[in-house]
Structure formats: structure tokens, C-alpha cells
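Colleague: What Swiss-Prot lists as substrate binding site is 104, 120, 121, 122. Marked as divalent metal cation binding site by Swiss-Prot: 108, 118, 152, 182. Among the features that Swiss-Prot reports, active site, proton donor is placed at 118. The site 'Important for dimerization' annotation in Swiss-Prot covers 182 and rests on sequence analysis. Feature annotation from Swiss-Prot assigns region 'Important for dimerization' to 272-307; the stated evidence is sequence analysis.
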């Protein structure tokens, strides 16, 4: 992609204000919906300011009926010195003042049968450079195929409102991004992920030139999406979250669980912490730009555990997670998944 963009691909005149308004509204809508779903827990809000410019508001819910801990953050930060993580990706932004705004969410439910879930939608500008990024992904501990398919279906439908090719790239990109290289497994069952979307070039702008997402993007060819298309994409995907997650909670919240299942949940939460601290670019960006540490690390689970050399019992429900649900799958069309899940009571 060239470092200059034609006039047709410039952001809207009021791009920063509109992007900020969008992510603020998403934060409000999601928090209100989650409080209703939980029934007991309430979000406590803390506003913060960044000395170099900007600030945000962090909302955290603790010890609810459903959620052990959950956070939904908003930030709007700006400055003159770009962090190395941005310059390495887009060197043409160097020397320009920059602006970034976004909302991010991580929910850690009490029940091992309700998946952890993450969401993030963001916008960035620096001189001639601008882009949207975002996505949502699901991390179950005792997964069900129907829950996984529902989550993916809702986000595919949101992408399809803009262009039916988007999900073809954003789904495998999510599998690629939320991957623990040191464990050789995905963080969960994925969802969608996209970054550096400025409406030009190939849809895939990640780092794995030989991966599935890159291959599909090359087959589709260069895309011409404008600022409004990508703004609408962020809105549609953000609004798809509650319908994608609430039905899963309703189906699983009354399932009883044992100490064994709770211990396995905490063990797998350790993997979640490993990814966020080692691989997540959002965490790295926040720490490099002197963001609010408490907000940046809000994504970490309140409790987690590690166990040396743990191996699940063969053919167990726990083994199914690592054998099937922490590997990229074609959730919609692979009929063999149903047979494998049925024998482990993971199909309903």
C-alpha cells in the first residue's frame, strides 16, 4: 500500500469526534446490557487523565451474580511522539501528531460453563494515516458447539452488512492473532479480528504472509472501502456483541459445576493471562504510550492458576477443549465437529 491516500479515501471532516462518540456509545450500551444480564452487579466508573494528552473512563464490575469480574474501558489519547509499535507498522506516520480512541471489554464469568469474552473497537489518526481496528473473540472452558457457532454467526452477519467478503478474512485473522505461539494453541474459539483498515489495499494487513487470512485476502484482491464503510463496520460489529453473548449466558448460567471444573477454569485462565502479557499488541501499545496501567491490565482474570506439566485425562471434557476448541476450525461447515462433540456431551 502506498503512503499517500487519494481524496476519496480521506477520513470524514469530523472523524475524530464521530469515532469518539461511537466508542462511548458502545461502552454505554454494553455496560447497560451487562448489568441487566447479571442482575446484581453494577459497574463502578473511574475517570482518568493522561499527562501527555487525553484520558478515559474505566468501568469495572466485581462479584456479580454472573460475572466474577468484568471491565469495559473507553480511552481517547493523543500526543506528538508515536510509540515504536506504531512506527514499525506504519513508518509514514512518523513525525505527525496522533490521536487514538477506542473501547475494550473483557468479562470473566464465575461459571466454567460460561465463556470468557473479549471485545475491542478502535480508531487511529496520525497525519495522512488513519485506520480502524477491532474484533471480538470467545474463550470457553467447557465449550459447546452451538455456543461457538452462535457467536461466530452473529459476527459474520455484522460483517456481511458491509461486505460479504470481510468475514472470510477476519475470521482466520482472529485465529491467527489470538494464538499463543509458546503453547501452540489458540486462546479460544476465535471470532473476528481486523486492524489497520484504511479502505485500501488488501483486507489482510497482518504479519503472517503465508497464513490463511493472507492467502484469502490475496485471492480477493485489493479492496476499496471508504471511511464511512469502516465506521459502519465498527458500529455493526460492536452492536452484535450482546446478541452474540447473552443467549449463551442464559443457556449455561444454571449448570452446576464441581471443584474440578472450577480448577480447570482457573488453569485455563492462566493461558489467558499469558497471551495478554506476552503477545497482545493492545497491552504493548498502552504501556508504551503511558496509558493507565490499571485499565490496561483490567483484562487479566481476578484469579488464575498454573500447574506444571498438566495433561487432561484422555477422552475427557477437558481434553476436548485442547484437542478441538483451541485449534482453528471451520465451525459452520465441518460436519465432523458434531460427531466429536456429541461423544463428549458438547453438543446440544
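Residue 1 is the first one shown; counting continues down the chain.
Backbone N, Cα and C atoms are what each Cβ position is placed from, and that goes for glycine too.
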Colleague: For residue 182 (divalent metal cation binding site), what is the secondary structure by DSSP, using just helix, strand and coil?
Modeller: coil
Colleague: Under the DSSP assignment, what numbers of helix, strand and coil residues are found in the region 'Important for dimerization' (272-307)?
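Modeller: Result for the region 'Important for dimerization' (272-307), in helix, strand, coil order: 22 helix, 0 strand, 14 coil.
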Colleague: Fewest other Cβ atoms within 10 Å: which of the binding-site residues 118, 122, 182 wins that one? Let me know.
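Modeller: Each of the binding-site residues 118, 122, 182 was scored by Cβ atoms within 10 Å; lowest is 182.
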Colleague: Using Cβ atoms only, which residues of the same chain lie under 8 Å from residue 120 (substrate binding site) while being at least 6 residues apart in sequence?
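Modeller: Sequence-distant Cβ neighbours: 102, 103, 104, 105, 133, 134, 135, 136, 282.
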Colleague: Can you give me the residues near the recorded substrate site, meaning same chain, not 104, 120, 121, 122 themselves, Cβ no more than 8 Å from the center of the site's Cβ atoms?
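Modeller: After dropping the recorded site residues, what remains is 23, 102, 103, 119, 133, 134, 135, 282.
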Colleague: At the Cα level, what's the spacing in Å between residue 182 (divalent metal cation binding site) and residue 121 (substrate binding site), rounded?
Modeller: 27
Colleague: List every residue in the same chain as residue 121 (substrate binding site), at least 6 positions away in sequence, whose Cβ is under 8 Å from its Cβ.
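Modeller: Listed in sequence order, they are 22, 23, 26, 102, 103, 132, 133, 134, 135, 234, 237, 238.
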Colleague: Give the maximum pairwise CA distance in Å, whole number, for the residues 104, 120, 121, 122 listed as binding substrate.
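Modeller: Looking at 104, 120, 121, 122 as a set, their Cα atoms extend up to 8 Å apart.
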Colleague: Between residue 122 (substrate binding site) and residue 152 (divalent metal cation binding site), how far is it from one CA atom to the other, in Å?
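Modeller: That separation, Cα to Cα, works out to 20 Å.
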Colleague: Cβ distance under 8 Å to residue 108 (divalent metal cation binding site), same chain, sequence separation 6 or more: which residues?
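Modeller: In sequence order, the residues whose Cβ lies under 8 Å from that of residue 108 (divalent metal cation binding site) (at least 6 apart) are 67, 68, 69, 70, 116, 269, 301, 302.
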Colleague: Please state whether DSSP places residue 152 (divalent metal cation binding site) in a helix, a strand or coil.
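Modeller: Assignment for residue 152 (divalent metal cation binding site) reads helix.
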